[in-house]
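Feature annotation from TrEMBL assigns compositional bias 'Polar residues' to 1-18. The annotation compositional bias 'Basic and acidic residues' is assigned in TrEMBL to 167-184. Taken from TrEMBL, the feature domain 'MORF/ORRM1/DAG-like MORF' applies to 59-150. Per TrEMBL, region 'Disordered' is recorded for 1-25, 161-199.
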Amino acid sequence: PFFQLTPPSTLGLNSLTAPTPPPPPPRTIKAAVLDSDYSPKRSSRNEPRETIMLSGCDYNHWLIVMEFPKDPAPTREQMIDTYLNTLATVLGSMEEAKNMNAFSTTTYTGFQCTVLEETSEKFKGFPVVLWVLPDSYIDVKNKDYGGDQYINGEIIPCKYPTYQPKPRKESRSVSKRYERRKDGPPAGQYRPKQAASPS
C-alpha cells in the first residue's frame, strides 16, 4: 500500500501544540498576611499564610512579644522597664508609653498597645522583639484583651488565671546527701586510715 505523508507546513498549528489547560480557580483567602508580621529574627520568607480573623482583631491593638535572656533572667521590674522604654522609643515619649494597655511577665513576656498598623512596623527593628501580632480578645463578652493592665503607671493584675513558674525543689535524697556532707558522717562510721607498717 502507498501512504502519502503530509508536509509539516500544511499541518494546522493546533495539531502541533497541546491545548492549554484552563487556569486554576483563584484561592479564596479570608485574610492573608505576610511573614513581615514576624520579626526578621524568626523568618525572612515572604510566603502568604491563611489566617483566621478573631474577635477584637482590628489592626489597631497589637501584641508585642519579647524574648529575654535566660541566664541571668531579668526581674519583673526590669521587663516592665524594657516594655516602657521600647514603647517610648516608638511613640517618641515616656508619657505616651504610659498609655500601654497591658503586659505580662508570666504567661508570655511582652506588652499590648494601641497604635496604627504603620507604627507597629517600627517594633520589628528591636533585637529583643520576637513577634509583632494583631491582638484579639481573651474575653469576647467583656471585650477584654487580657494581661495585667497598666494605667498611668498603676498596675492592675489580670483577673484571669496566669501561669506562675514554680521554683524547682531538690529531691529528698539529694537534700539528705547534702546534710550528710555538711554535718559529717554519723558517729562510729568514720575510721581514719592506718599508716602502712614498714616492711
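The backbone N, Cα and C atoms fix where each Cβ goes, and this holds for glycine too.
Curation does not apply to TrEMBL; its annotations are automatic.
Residues belonging to the domain 'MORF/ORRM1/DAG-like MORF' (59-150) score a mean pLDDT of 92 in the model. Residue counts of the domain 'MORF/ORRM1/DAG-like MORF' (59-150) by helix, strand and coil are 29 helix, 25 strand, 38 coil (DSSP-based).
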